[in-house]
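Taken from Swiss-Prot as is:
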ACT_SITE  PRO2  active site, schiff-base intermediate with DNA
ACT_SITE  GLU3  active site, proton donor
ACT_SITE  LYS53  active site, proton donor
BINDING   GLN70, ARG125, ASN169  DNA binding site
ZN_FING   229-263  zinc finger
ACT_SITE  ARG253  active site, proton donor
Amino acid sequence: MPEGPEIRRAADNLEAAIKGKPLTDVWFAFPQLKSYQSRLIGQHVTHVETRGKALLTHFSNDLTLYSHNQLYGVWRVVDTGEEPQTTRVLRVKLQTADKTILLYSASDIEMLTPEQLTTHPFLQRVGHDVLDPNLTPEVVKERLLSPRFRNRQFAGLLLDQAFLAGLGNYLRVEILWQVGLTGNHKAKDLNAAQLDALAHALLDIPRLSYATRGQVDENKYHGALFRFKVFHRDGEPCERCGGIIEKTTLSSRPFYWCPGCQH
């Protein structure tokens, strides 16, 4: 399943295609959404927000389209009039004069009023989004030490969207390697330096992944690019200590770690 950085990049692509442009055609597959089709014609998308792995497409008439891709949903951007060759089932079409965005295969789709937006069960449940620029390491540290989360092993906590929205398995793996901890550690057992390092890594690594993953750095001395240090690298030497990276299963997900420097 895509994690927060991939969802945010998808939102960026949708915004770049249709933000601020009048909608010329709107289509929803689900009967309960059909009545909104005519209400959205002539309106425009003001912005696309991410809340962890959910997308909120906000319209100029104050309605918001909530969508969660789960495992199979995918958004695509096409030139208006183009019909992609795909076996996927179309769920949503938002068309402007030059670009159209299409949502395929997703089943968790709703239209929300401003009032419903504040009471939606999933949105009520998720924690702060790791890509929210207003989220600070100090707030993350407070959450780590809160009674709700301080006694939970990181193996499960870092996959729990109620803790921080947008984290997923590859981020869990890379964050714990970065700070030299294992999935069995708990926040209550960390010293001040470990806690501070973890709070920063929980924000820095997702943000670096969002900003640079998949890019090629032609200027070797300019900034840092995200790359996997341990994820999917079992059997290879750890670049930090030379130990051999291992693979196991934690919280029903593949987990990669270095026994030499994560303890």
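Cβ coordinates are placed from backbone N, Cα and C, and glycine is handled just like the others.
Features as recorded by Swiss-Prot, highlighted on the structure.
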residue	record	Cβ within 10 Å
PRO2	active site, schiff-base intermediate with DNA	16
GLU3	active site, proton donor	20
LYS53	active site, proton donor	23
GLN70	DNA binding site	12
ARG125	DNA binding site	12
ASN169	DNA binding site	18
ARG253	active site, proton donor	15
- DSSP says ARG253 (active site, proton donor), in three-state terms, is strand
- Query: So what's the mean pLDDT when you look at the zinc finger (229-263)?
  - Reply: 95
- Per the 10 Å Cα distance test against ASN169 (DNA binding site), the active-site residues GLU3, LYS53, ARG253 reduce to GLU3, ARG253
- If one measures from the C-alpha of ARG253 (active site, proton donor) to the C-alpha of GLN70 (DNA binding site), what distance in angstrom results, rounded to a whole number? 16
